[in-house]
Amino acid sequence: MSSMRNAVARRPHKERSQPKAREKWGILEKHKDYSLRARDYNLKKQKLAILSQKARNRNEDEFAFGMLSANKAQAGKHGRGDTQANRLSHDAVKLLKSQDAGYLRIVAGRGRKEISKLEEDIVMTKPSENSRKVLFVEEDERLNGTKGRVERRKKPSNEVAAAGSNQEEQEEQEVPSLGIENIASVTGTTVYAIDTDSSSTKPTAPTSKKALAAQRDAMRDLRAARKRRKRLAELRVARLEALKKRQREIMAAADELELQRAKMARTVGGVNKDGVKWKIRERKR
């Protein structure tokens, strides 16, 4: 019967494939994979149980001379230790300190260049008393029935560091004084104000809604530009202070390295363990 069953062709055995919805989790775990994982987990659990039992039964007064051997306590993690053979020579230490000093000099030079460049930028953007330019433009078309000149007013850059309250009041006094022909059209931080020529009548206060809206937009853009410039100036000053602080720290480290090299070369004095200062070439008393 069994031979007959073996003679009949059987359907080949196939493992269940990973479902489509779970393909992102990788290959489907089979029973043999689970067996290996379970065996490894149980072995680790047994080892942890043995170590825990040893820790509970540990004698606090236990001591062995191997605890003080150079290969255990003093050798460190990588087995180098603090022996005489592993120490660098005097000349090697001096060479390393000289290389460190050279690196600090390079970094200090870069810092000085960066500080000088940033100081130049701050000076260039420093507020000036007279920063006003007048540009005359002959227009081909008549603007609101009259030919005029375009006066280009740049807001003084000293408003970057000044308080905004006084300037806002000044702007509120200047902008309403412009007539219908003098409505400011703002492009970026530059305001173009159109004044009528001498033959025209005196400018009157704007009465139309478009004129008032243009004035409000001009003042809003001026305030936004002033805030941006003020914030940029503050960031530059903060960056400059940080660079100067780092430069002071680098120079202090370089001075300390130079002092150490001089002490190793026995060209300067020092302080002994008792706090007594001494000099190399000082005559003994």
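From the backbone N, Cα and C atoms, a Cβ is placed for every residue, glycine too.
The feature region 'Disordered', as given by TrEMBL for the ranges 75-94, 195-214, sits at 195-214. Each residue in the region 'Disordered' (1-26) gets a DSSP state, and the totals come to 12 helix, 0 strand, 14 coil.
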